[in-house]
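Record features, source TrEMBL:
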| type | residues | note |
| --- | --- | --- |
| DOMAIN | 9-224 | domain 'CWH43-like N-terminal' |
| TRANSMEM | 12-32 | transmembrane segment |
| TRANSMEM | 53-75 | transmembrane segment |
| TRANSMEM | 95-113 | transmembrane segment |
| TRANSMEM | 125-143 | transmembrane segment |
| TRANSMEM | 163-183 | transmembrane segment |
| TRANSMEM | 195-220 | transmembrane segment |
| TRANSMEM | 240-257 | transmembrane segment |
Amino acid sequence: MFWFLEGICFLPTFLVIWSSSTFIVSYLIALFEHDVDVIFPYISDTGAEPPESCVFGLMTVITAFAGMATMYARYKFVEKLNETAGGVPPVLNQAAFWIGMLSCLGMCFVATFQETTITIVHDAGALLFFVSGVLYTILQSIISYKAFPYGCSLALCRMRTGIATIAFLAVFPTVVCAVFVTQTTLHRKTEDEDYVFHLVSAVSEWIVAFSFIFFFFTYIHDFKVSFQSPLCHCGGNDSPFLLLCLSVFISLCPVSYRSLL
């Protein structure tokens with residue numbers, strides 16, 4: 001079996017690949033259409049004009065739902081882990097989950113409302129996405145330490161803490177410098193008085209975004225879980241279709257975790 005098909009690690013694997021592709025594909029299309037500059041446009045700039053706005057919107061919404069699924073799987077993993085090993089306060093796990101949901105909601109706003117159409121809603125969604133996302137990584141880093149050594153290795157705990165720290169440090173210039181960017185335009189000139197603020201904010205934004213991607217990449221180790229499906233009989237004769245539906249349903253519900261065996 002391929003490593004990315006073990007357990008439910010296909011969730012973070014898909015999320016990492018798809019979200020990375022979202023940023024890169026929309027950027028390349030916008031660059032090909034001459035809608036953005038080569039040097040560090042805002043991520044939102046790469047999805048402001050058609051046709052890249054259509055691609056950016058669709059792929060970002062899919063990313064948001066993939067993020068929700070991954071966060072829910074992580075929430076259930078920690079919940080199941082806590083039943084056996086303890087150490088993680090349930091309220092902490094729940095807080096991390098709902099803050100993560102807020103981040104995904106903000107991502108949907110960013111995808112739906114382009115910055116060149118309804119700027120205030122787009123900016124509010126971006127702020128919700130970045131701030132909630134950073135808080136989520138911080139809380140999950142704390143959870144990893146509290147669950148150690150059952151949840152993951154010490155090296156993985158430190159890696160998550162490092163990524164969360166980078167995201168935390170980068171989100172401040174992302175937001176603060178964006179306040180001083182006075183004009184909403186897709187093309188910037190070095191002589192613009194707010195160019196430095198734009199550059200710092202845009203670079204920090206890309207750092208935060210890819211910090212999230214690398215953080216979810218660390219979930220692949222946790223999600224290599226094993227499942228056991230019970231043998232089902234439907235009266236005297238087995239129904240292949242019903243058994244297929246049951247097996248799919250069971251495969252989506254974590255039952256036993258390899259890390260707990």
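In case you wondered, yes, glycine gets a Cβ from its N, Cα and C as well.
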- [ ] Report, as numbers and ranges, every residue of the chain located at least six residues beyond the transmembrane segment (53-75) whose Cβ falls under 8 Å of a Cβ in that stretch; write 'none' if there are none.
- [x] 8, 11-12, 14-15, 18-19, 21-22, 25-26, 29, 46-47, 93-94, 96-97, 100-101, 103-105, 107-108, 110-112, 114, 136, 140, 216, 219, 222-223, 254
- [ ] May I ask for the residues of the chain that lie six or more residues beyond the transmembrane segment (195-220) and have a Cβ under 8 Å from a Cβ within it?
- [x] 4, 9, 11-13, 15-16, 19-20, 23, 39-43, 67, 70, 74, 130, 133-134, 137, 140, 152, 156, 159-160, 163-164, 166-167, 170-178, 180-181, 188-189
Open item on the list: Can you work out the mean pLDDT of the predicted model over the domain 'CWH43-like N-terminal' (9-224)?
Closed with: 92
